[in-house]
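Per Swiss-Prot, the features are as follows:
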- 483-510: coiled coil (COILED)
- Cys317-Cys379: disulfide bond (DISULFID)
- 65-223: region 'Spike head' (REGION)
- 247-478: region 'Spike body and stalk (antigen domain)' (REGION)
- 388-408: region 'Hydrophobic' (REGION)
- 509-775: region 'Spike foot' (REGION)
Amino acid sequence: MASLIYRQLLTNSYSVDLHDEIEQIGSEKTQNVTVNPGPFAQTRYAPVNWGHGEINDSTTVELILDGPYQPTTFTPPTDYWILINSNTNGVVYESTNNSDFWTAVVAVEPHVNPVDRQYLIFGENKQFNVSNDSDKWKFLEMFRSSSQNEFYNRRTLTSDTRLVGILKYGGRVWTFHGETPRATTDSSNTANLNNISITIHSEFYIIPRSQESKCNEYINNGLPPIQNTRNVVPLSLSSRSIQYKRAQVNEDITISKTSLWKEMQYNGDIIIRFKFGNSIIKPGGLGYKWSEISFKAANYQYNYLRDGEQVTAHTTCSVNGINNFSYNGGYLPTDFSVLRYEVIKENSYVYVDYWDDSKAFRNMVYVRSLAANLNSVKCTGGSYDFSIPVGAWPVMNGGAVSLHFAGVTLSTQFTDFVSLNSLRFRFSLTVDEPSFSILRTRTVNLYGLPAANPNNGNEYYEISGRFSLISLVPTNDDYQTPIMNSVTVRQDLERQLTDLREEFNSLSQEIAMSQLIDLALLPLDMFSMFSGIKSTIHLTKSMATSVMKKFRKSKLATSVSEMTNSLSDAASSASRSVSVRSNISAISNWTNVSDDVSNVTDSVNDVSTQTSTISKKLRLKEMITQTEGMSFDDISAAVLKTKIDKSTQIRKNTLPDIVEEASEKFIPKRSYRILKDDEVMEINTEGKFFAYKIDTLNEVPFDVNKFTELVTNTPVISAIIDFKTLKNLNDNYGITRTEAFNLIKSNPNVLRNFINQNHPIIRNRIEQLILQCRL
């Protein structure tokens, strides 16, 4: 039987070349190395402790009291109080919009009897009668609404702090009036607030309206003491103006430089083009079944102009957080079904790894302050026809998601020939219209983007935006930063393994079942297993050696070793009693079944849990005590042999991993049975259990006590044709007792006869087993 290859891998040993040991150490061993050469040492490594260099702080802190500023004429901003510190009598300020607002404030010193005084206001000599009988200064707000009218005293502020204020806000001009320390604000209407300018004849300050309480405090109580010293020199208002220097759209800026290294900030536009990859697998058979429709990573290379310079870019698009859907139109071989198709929705993410040939990516090893800003894009699915042999074709159509930028990190992007240090842009998803459906089925009005046709005929999807990063690079631009450990032997091996896994999985539909049964009956050994590989005898031996070494560490080998030791210990101390309890104690070495049978039989859930545990270990017993019937491992080894022969990507360094994975992952859903007289007891890895009669295939109660007695001393048989398939076969076609008995025993000759007769139910069952041979 083909499963002999697994037993050989478990028991045989091969000589090991020194070259194999060295190669294994180089690919698997890791070591932490600390390099501490100092910041200026002559080394090809970057300084171990490198700082951020000079940082341009762009944080703006708005002062509460900004000033003092020298007398000037300007248009004050809205939402800011102008606080004027008057130091003499006469005109304090003039303000107008030349349409409906003219105002001037004149200061009158204390103890002034009524008197006519001349004032120069807006270029005109005006005479006002003023007086002040208090100990405080008076500030008279003179107002007119037209250039033809005369000024009149609209409001007065009596103050001992000699401060007045004016504010443009909410379509009105606000000033203070009353007497300090209880002065309050009042306002005047105007239809043209924005054009009001002011000529100030004294020093002044600027206070944001958000700090109006402080302005009120200053008006009523005076300025802080620090503002009243001779060391405070008023500045020109122009010093408050910021000289804006707009950064170039695409610009490289040197931030800091120390000897061998410098920090460069790269700011640039970016155009990201990407496409989704997908894989559609249709198994053999009558042509009504699809086993998988899935997303896979897709590369895309393109050119575009950035600031007049042509850039060559490379992207890799992948998805994470996929949702698995399925459609089952029935259990007959001619019923349309899709075992699994993938859909991305709100809980999914799309990753786009981006690299281009610009300077920013040349030395992308030591990077900080990585940021990006990208727009969103909508991805709409197209149509995919399920071309069934007879009848109207079902069609998967529609579906849409919108991608929204959610972050950026560094990544390593693998191409066919080289690994590139890249930027990984992460996008969150929201579902969008239209919904998707499978026409002529019950699947309608579902939301998300299915993997059947995610690009909808588009060559690519495009996202534009900007990115910025600071990179530590050599001061001499001719030097290349060493890319330490960005590409290792193991990473390259993982890429090869990924490609090989995809190829192996896609080969499932190319396996002819009649040839598979014949191959499963052959006693495959090391050299016949690998004979299909184009190589010399020496290389085949070397491959067998590598596979043997890898297989020794597999879960299967470890489980068999532990089971053998456990049985050996149990045999040396086992009681000769034939009671139920002693039988359960013996079976516990196989199954870990509880000693307390009553606890096991309390509920169906307990039985399900125990039978699931038992079934996973029955494989080991079947492997050690081979029966005449065909086993799941025979099919697994035959499929592995067939795929190795058909593969174009098998390498010496990838074969051991593939064989190990195949032994553990091929056919995860297995059923095993035990025969006693005319009764069959069957359990599977999903925890389901059946007991039935051979003659009628009618179910009978499943007796756990009886099962635990039988499993120790009775051969275990792989249920190649499981109970569900047997019932379907008998109900639709009818089978004799002899045929049923041979199918229950997994007789390979009977299986071959059914397959040669192209029996749809048996073929469908074997197809499902082949489809489970996936990595």
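Glycine is treated like the rest: Cβ placed from N, Cα and C.
Summarised as a single figure, the pLDDT of the region 'Spike foot' (509-775) averages 70. For Cys379 (disulfide bond), other Cβ atoms within 10 Å of its Cβ number 23. In sequence order, Phe274, Lys275, Phe276, Gly277, Ala297, Ala298, Tyr300, Val350, Tyr351, Val352, Asp353 constitute the residues six or more apart from Cys317 (disulfide bond) in its chain with CB-CB distances below 8 Å.
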